[in-house]
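Below: one structure in structure tokens.
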Amino acid sequence: MQFLDQLGYGGNVIAAALILLAAFLLWLALRVLINRSVRRVKNGYEMFKKPHFRWAHPVLRNLDHKRREQRAETIGALLRSVTAVTIAVIAVMTALGELGVEIGPILASVGIVGIAIGFGAREVIRDAFLGFFITIEDQYGIGDTIEIGDTVGVVQSVGLRITRLVDENGAIWYVRNGDIMKVGNRSQGNYVAPVTEDGKASEAQ
């Protein structure tokens, strides 16, 4: 640091560059760590290959794998985004401080802009926030038959913003997670499908 101080403003520029470089390397390291953790969670389905799990039907094993993959990818994407934004903000502010830039006015401006963006993107943030908890709590997953309002269908994917399901007529429904106030999961508990006039149990395909 003494060497950089002797260089004057040029030393400050070098220090700022080193801060940004260190932040980038830290982001790469954390990204690799998160990706490795996601792969480890996704590969957890290997437990079904053990002898005492051979009774499990192949379809159930595959379904468990898909749900595990979906959950791991959703959580991994959120962690990568939060990590990148946090590191970038701290690194840029620290680098600007090294260059002698007054951070106070910048923080005030960023705060105002952030409020404006947050107001405009509050629905997106709400969707992502609720999607995260839907995934963490495993309220439903791929292959589950769920009921959202008047829509009944089989879940095809669960993302941070959108839940996609297909109804008995083959129509694909895209439901924003922020709009899901109440959901019924027919694949959990002891749901019994109602009997139709022809004597067959009705169910979503």
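Note: Cβ is positioned from N, Cα and C throughout, glycine not excepted.
Fair warning: this is a prediction, and the values are worked out from it, not measured in the lab.
Pulled these features from TrEMBL for this protein:
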{"type": "DOMAIN", "residues": "82-121", "note": "domain 'Mechanosensitive ion channel transmembrane helices 2/3'"}
{"type": "DOMAIN", "residues": "124-185", "note": "domain 'Mechanosensitive ion channel MscS'"}
{"type": "TRANSMEM", "residues": "12-34", "note": "transmembrane segment"}
{"type": "TRANSMEM", "residues": "77-97", "note": "transmembrane segment"}
{"type": "TRANSMEM", "residues": "103-121", "note": "transmembrane segment"}
Cβ under 8 Å to the transmembrane segment (12-34), counting only same-chain residues 6 or more beyond its ends: which ones?
1, 4, 76, 79-80, 83-84, 87-88, 90-92, 94-96, 98-100
What are the DSSP helix, strand and coil residue counts for the domain 'Mechanosensitive ion channel MscS' (124-185)?
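Output for the domain 'Mechanosensitive ion channel MscS' (124-185) reads 17 helix, 25 strand, 20 coil.
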